[in-house]
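Features reported for this protein in TrEMBL:
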- 102-281: domain 'YVC1 N-terminal linker helical' (DOMAIN)
- 320-595: domain 'Calcium channel YVC1-like C-terminal transmembrane' (DOMAIN)
- 294-313: transmembrane segment (TRANSMEM)
- 325-343: transmembrane segment (TRANSMEM)
- 350-370: transmembrane segment (TRANSMEM)
- 390-410: transmembrane segment (TRANSMEM)
- 431-451: transmembrane segment (TRANSMEM)
- 492-513: transmembrane segment (TRANSMEM)
- 547-566: transmembrane segment (TRANSMEM)
- 578-596: transmembrane segment (TRANSMEM)
Amino acid sequence: MGRCVTAGQAAMTTVAWWRKVGERWMGLSSVKVPGIELDNGPSVNLDAPGPMDVRSIRVPRATPVQARAMASRRDLLHEEERALVPPNVRERLTSAIPASDVTKVCLRLRHLVQECVPCEMDESRITTPHSKVITKQVIHAAKEAGGEAHKSCVVYSLLVNQRWFRREALAELWDAGLHNLRAEACGVIAKALIETEDDTEYLMHVILLRRYSFLVDGTPTTPVNVIEKAVDLHSVRVIGSSGYQKCINYLWSGWLIQDENDAAVFVDYKGKDNPNFFAHMDPDRMRAPRYQNAAQLLFSLIYLGLYTAAINSVNKGGVFDGAEVALYIFTLGFTCDELLKFYKAGYQILGFWNAFNGLLYSFLTVSLVFKIIGLMHDIDSVARESYSRLSYNLLAFIAPMVWSRLLLYLDSFRFFGAMLVVLKVMMKESMIFFALLIIIIIGFLQAFIGLDITENNVLDDVPFIVDSMLKAILQSPQFDDWESFAHPWGIILYYCFTFVVMIILLNILIALYNSAYEDIYENADDEYLALFAQKTMQFVRAPDENVYIAPLNLIEIVVSALTEWWLPKHIYETINDWIMAFLYSPLLVVAAYFETKTAHRIRQNRAKGEEDDDVVHEWEQMAHEMDFEAEGWTKTCDSVRPNVEDDAAVLEVRKLRSEVTELKTMITKLIEEKKA
């Protein structure tokens with residue numbers, strides 16, 4: 001992880017960071033959504049001669065509905081800052097093209113999409129191959145929106161427009177269908193531009209990985225690249241494009257790495273075609289997401305093994321054994337890693353797994369505290385045995401969480417990744433159910449408590465009430481026990497509660513889960529690719545000078561605290577390289593073995609003029625020996641090939657038109673001959 005800092009430096013940095021956040025937050029009071037104009041609002045002539053002052057564009061006054069939809073102001077100007085980019089790196093980022101020019105391209109593309117999608121229609125008319133709406137001419141026009149000088153930012157500008165249309169759909173609910181359709185059109189065009197780009201180097205280094213920004217109220221946004229922007233917007237259509245996935249695979253494999261002098265710039269890994277084994281025994285290769293993920297998975301398996309050994313070696317005296325000591329050391333390293341992530345990236349990093357890990361580590365910490373308290377008592381004392389038992393009980397209680405934690409590092413595998421995507425969406429959908437359930441529980445609980453107080457002016461049946469309500473929620477109601485509770489109102493009210501929970505709410509939950517599963521199942525491949533891209537960017541976005549993967553970050557903390565403050569930088573970096581080379585030597589041996597094999601394959605591909613990552617499949621092994629044109633097979637295939645671009649009715653009409661034209665010509669000739 002990043003270098004260790006003193007408490008004073010951390011405090012000063014934290015205060016400065018929060019002051020900056022406050023200034024940005026307070027400065028957002030007049031932010032407008034750039035480029036969004038109502039249908040009856042003022043128009044912008046993008047083709048007018050002379051320079052266009054983007055800051056002079058005015059947005060019509062928002063209606064109350066729009067104002068409520070735009071309440072989350074941090075998403076307007078600094079949405080990209082949710083990325084895991086440290087503040088010190090973010091301040092050095094610059095846009096490859098001036099933000100004002102990028103904004104002009106965004107507005108041109110916005111106008112193009114509005115003209116091509118003027119009204120609501122079936123989404124399939126836009127997304128289908130050979131669409132009659134998003135035609136080749138439309139894609140070519142979009143490519144020309146930036147001109148020759150700024151054509152590299154067109155895909156980025158389309159993603160910006162996708163974000164604008166989505167926000168406009170929230171602001172104008174009466175036209176939400178149209179705006180969402182236009183947002184989808186932006187994704188279709190962006191995907192087409194990525195997949196039709198023939199120059200792979202230009203695509204990855206300029207279109208996808210170069211950073212751009214646009215203007216909001218005259219202020220450039222944080223520069224981001226297309227890879228990050230698509231992940232932030234969850235634009236699965238763009239993420240699922242072949243060129244995008246090629247770039248993600250290069251990043252995942254470490255073939256595209258961050259420049260040592262500027263972490264915001266990506267360069268090719270020069271040693272990927274080097275067949276020398278020891279050339280790949282470089283600790284810097286641990287920066288590749290593939291190897292970081294493998295190391296995290298390995299440490300998680302070791303952590304699980306230590307937990308299993310600790311829980312199966314219970315002793316009445318509560319004395320620490322080797323497995324327990326290692327378990328708590330690992331926990332300390334993981335806890336420091338989570339805290340350091342939060343310190344470097346802020347609250348934007350917080351998510352489900354952060355909360356899950358925080359709860360797990362809290363339980364382990366409390367278990368350790370109980371164990372230490374027990375060790376402070378005499379060996380044969382009751383207090384020591386009691387605290388030791390409590391510590392082990394708490395340790396056993398979290399076993400499902402320890403095993404579930406393993407899923408966090410298995411999502412790079414397609415099966416587990418797709419499953420986690422489904423579970424994530426289903427849990428989001430269940431929020432509606434739990435919101436309704438909480439409201440209903442509070443209402444009925446208040447009614448039951450009121451009946452209890454009314455009966456004998458004493459609140460003494462609360463445990464019974466809560467227990468019965470929980471059993472009803474878990475589909476095991478107990479009606480007999482309610483016969484004597486505030487008869488007859490208690491049993492009637494309990495019948496109503498059971499009916500609402502078991503018949504209405506649970507069926508709503510089942511319907512929500514079914515709907516969520518169907519939505520994800522239909523698009524499971526793209527959703528998994530989006531999850532994989534997000535995981536890759538988590539490793540790439542916040543690079544560390546020295547990659548100490550938890551729990552090895554404890555070694556970094558010790559080394560940094562002892563040497564960084566007085567050693568010259570180059571000596572400190574050399575020491576860290578030697579330490580990482582020693583710690584990761586088993587992993588580096590395995591990585592070097594596979595990279596050496598990959599280097600030979602890359603050289604073979606280059607000798608044949610193929611891409612570095614090209615793989616020869618079974619159906620390609622004899623393809624070079626075939627000459628379909630000389631055999632006449634190409635002509636045969638062309639004669640039977642169906643026309644998928646035009647409908648059969650259109651083809652018949654065209655044929656009829658040509659016949660009518662021919663008939664008119666013949667009649668004209670006959671008339672002329674008769675006159676002659």
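Every residue gets a Cβ built from N, Cα and C, even glycine.
As a quick check, the transmembrane segment (325-343) and the transmembrane segment (492-513) miss the bar of 3 or more Cβ pairs under 8 A, pairs 6 or more apart, so the two do not touch. With a cut-off of 8 Å on Cβ pairs spaced 6 or more residues apart, the transmembrane segment (547-566) and the transmembrane segment (390-410) reach fewer than 3 such pairs and are scored as not touching. In this model, the domain 'YVC1 N-terminal linker helical' (102-281) carries an average pLDDT of 91. Within the same chain, residues 293, 296-297, 300-301, 303-304, 307, 310-311, 314, 318, 353, 356-357, 359-360, 363-364, 366-368, 370-371, 374, 416-417, 420 sit at least 6 positions outside the transmembrane segment (390-410) and bring their C-beta atoms closer than 8 Å to a C-beta of that stretch.
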